[in-house]
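Colleague: The structure is given below, and queries will be raised subsequently.
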Amino acid sequence: MAKVGFGVCFILISFASSAFSRVILPESTILDVYASIQKTIDVLSFNPDLLQEEQEQDNEKEWSYSDFSSSSSFSVKLQSRDTLLKPTHKNYRALTIDRLERDSARVKSIISKLNLDSLHGILKPRQDEDIAGPVSSGVKHGSGEYFARVGVGRPPKPQYLILDTASDISWLQCAPCMQCYNQTGPIFEPSYSSSFSYISCGTQLCRSLGDSGGLAGCSNKTCRYLAFYGDGSYTVGEFVTETLTFDTSHTSLENIYIGCGHDNRGLFTGAAGLLALGRGSLSFPSQVNAVAFSYCLVDRDSTFSSDLQFGSGAEPADAITAPLLSHPLYPTFYYVNLTGISVGGQLLNLPQSVFEINPSIPSGVIVDTGTGITRLRADVYLALRDAFVKATYNLTSAGGFALFDTCYDLSLETSVSVPSVAFWFPGGKSLVLPAKNLLVPVDDKKTFCFAFAASNSEVSIIGNLQQQGIRVSFNTATSVVGFSPNRC
């Protein structure tokens, strides 16, 4: 193998399967150390008031109500959470530690959910719909969450909702609050909305909450919900219908089922609530029968935005595609058929079984927006890490940092060549990850760490850090996951 550090090389790889017989991959990729460090400076100095002023101007405009039709598409703007909150960390190292602690809480939440059997919801989907909106990066609820700005009610009041592909119940904080955490912007006031409507107790819809990860109850003849998360967070309130408007296209959707939470506690600070993108019957995509949607996540340190798209335009034609799988016990999650991982163009020597779904236990490979750092089952992670370390012998080691066990001192570098890492899918298809998705800064002194970690479960999770800058699409009708680099 050519020495990493002497430019970009290409090699011919031969595999046992004829599907992999002739594949050419870059052996190395370039990490722009200077650009990565500059972003760590920018994120701590960014003034979110500038964004708020721009949004307040948007709020003063009259939002139109263009009801959605099956011939159209819509999108939602996505932002990084750090562009919504004023910096409170004294340096980037402190911010990184916070992120990693929240990321661990997020993974714990998913593993806890996987340890509980889930059932498919029983509601029928609504009409076929195409929708989209902007996406931002968030850091408080789990690591590196991303927020969608959605108008709630009539007239629509903008609210920032956490993007979550591992949840089936959407909700937001509502007045009056028994207990509410701090959020960006005012808490939603139901009495100001003409489209707000309670759901009657004892209906099939109310009973179906239990099938979508919530608990149903009754109070004053109205349906109430209780949603727990494995990290100890929860939300309690009424289950209602409301109108949601997406400001990018000003598309309005009526009678969307959401939770109106009056008692909310946990790691959601900054967000008004959560937009559930899971595969259950009460998730947002299922309610609008949007069989296809996609998102592109900006760098978590970026002050720019990207978008979340629904409908016919959500899937780029040139996407690297893989089968979308399901686990019979955990229908909420999006599983991808991963067949292998390569480092420096060389496929790791791992049995196919390490990526496969075992129908009786938590297993397989999940694609998740809320998890920050990709978690791989221990044997897979060790093989990946050891191959990466072997190929970076020319870089100065810096030991470990928090959950990272492989870090480098790049204080004397402005850019470095690192071995490429690629995810492999059936048919010989591969997704080569950008260098900035492999090594991430953990302080402002140019300490960079290998951005993967071992899972304490049989399940692996592809986190949002490895998805940054890549449009990820899901089509539940064709059972396809798509990855489109540089399509943000």
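Just so it is clear, glycine is given a Cβ too, placed from its N, Cα and C backbone atoms.
In case it helps, TrEMBL gives these features for our protein:
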- 1-21: signal peptide (SIGNAL)
- 146-484: domain 'Peptidase A1' (DOMAIN)
- D164: active site (ACT_SITE)
- D368: active site (ACT_SITE)
Colleague: Please report how many Å separate the Cα atom of D368 (active site) from that of D164 (active site), as a whole number.
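Modeller: Roughly 8 Å, rounded to the nearest whole number.
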Colleague: Ranked by the number of other Cβ atoms within 10 Å of their own Cβ, which of the active-site residues D164, D368 ranks first?
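Modeller: Counting every other Cβ within 10 Å of each candidate, the maximum falls on D164.
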Colleague: Give me the mean pLDDT over the domain 'Peptidase A1' (146-484), rounded to a whole number.
Modeller: 90
